[in-house]
């Protein structure tokens, strides 16, 4: 057994080195270079009067640059650049859900809301969420019919409904039984050396972040700096939540479970140290990201774990350009069907949501925060900040919209509003305008063409909203609608 274990460790040596080289050398270098580029773009934007996020600007530039390069020099030369860009972008895209946890962690710092206002916010959110799904899906579908870009797949859909839906449960049982049989057979046939090798490769990341957690404990208790131990906790708990079976994970979403466990661990650590819990959470996100790293006057505190994760979220936003480039043909073909819903949704979010919320008894700041309800967080923060609204309400509603899109989005689109399953344009637009980046990531895995449509929709929608918030007369009009 001992000799076989040593052989397994030797067998894991080469793939382990490749894994460490790629994940802990190439990815950090690529991420650092991407952040330097984003920092430069942000400094250029600061010279203007427009408050526009550098991450979305680079995403649009990269998408346009890739499309232009492919048109001029062909796809083969473009693929060489794509392989390099995919090193940091592919990693950031795979872990995008982790980067959405900071707003939930800092939710405990938000102002208190009365019971009546809380129920009003909930009612407005639910009604607006369902309405936006149905209205945008049907509007996009109607435009496709008028423009002649929609192809009916009634017969195919009926076959799918007859064959796949009734047998889904049976098929799941068959797959489960087959997987169990295959797993039992493989465990019997798998040599001990292969088990050791697979174990090392699977758990090496847990081991590394476990060391970071252990090293962060004395740093926290001696110096009071929380970032290493808080970051290791966030990553380890999120990785652990991914072990939840796929069927349960749709309801027990890793974002919700991991952030709740993080709050518990942070509370225990603050009790042991004797630190105020709210102070601990404030240090989790100080606002000193890579964009404000050298601005020590405005942001005197050191970066926290939340700032680190939010910085990586900018890379994941940029990486969405790769999906848009891959399906640029569909985007070009259906652009005329996508643009009108984006403009209409922006008008409704900017001029209808705030006064409706205000008339129903929601405070002016939170009413303005609803303008960013379906805008991805990278764009929603500068949008709501320009309107002087509640960024915390915006962040929470935005991420909840994305999570609900993963949980019940398909049910609302396919079951409630009877959208055809092959209509990836209507599906992508309704998800993009209603659920933002979280559900876009889900669609890029489940339905890549719809994911590209969703990325295009939420990007242009958020961009248009930020442009509207940069026009002072429109900002004053929106504020007057809520009594300011």
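Note that Cβ sites are derived from N, Cα and C of the backbone, with glycine treated the same way.
These figures come from a predicted structure and were not determined experimentally.
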Transmembrane segment range according to TrEMBL, out of 175-193, 251-269, 270-288: 251-269
Given ranges 94-117, 118-141, the stretch to which TrEMBL attaches the annotation transmembrane segment: 118-141
Chain residues in Cβ proximity to the transmembrane segment (52-73) (below 8 Å; excluding those fewer than six residues from its ends, i.e. six or more beyond): 37-39, 41-42, 45, 81-82, 85, 291, 313-315, 317-318, 320-322, 324-325, 328, 378-379, 381-382, 459, 462-463, 466-467, 470
Range from 118-141, 334-353, 393-412, 424-444 with most C-beta pairs under 8 A to the transmembrane segment (251-269): 393-412
Feature contact check the transmembrane segment (227-244) with the transmembrane segment (203-221), CB under 8 Å, 3 or more pairs: yes
Interface check, the transmembrane segment (450-471) with the transmembrane segment (334-353), three or more C-beta pairs under 8 A: yes
Contacting positions for the transmembrane segment (393-412) when only residues 6+ beyond its ends and CB under 8 Å are counted: 100, 103-104, 107, 110, 121, 125, 129-130, 133-134, 250-251, 253, 255-256, 366, 369-377, 380-381, 383-384, 431, 434-439, 442
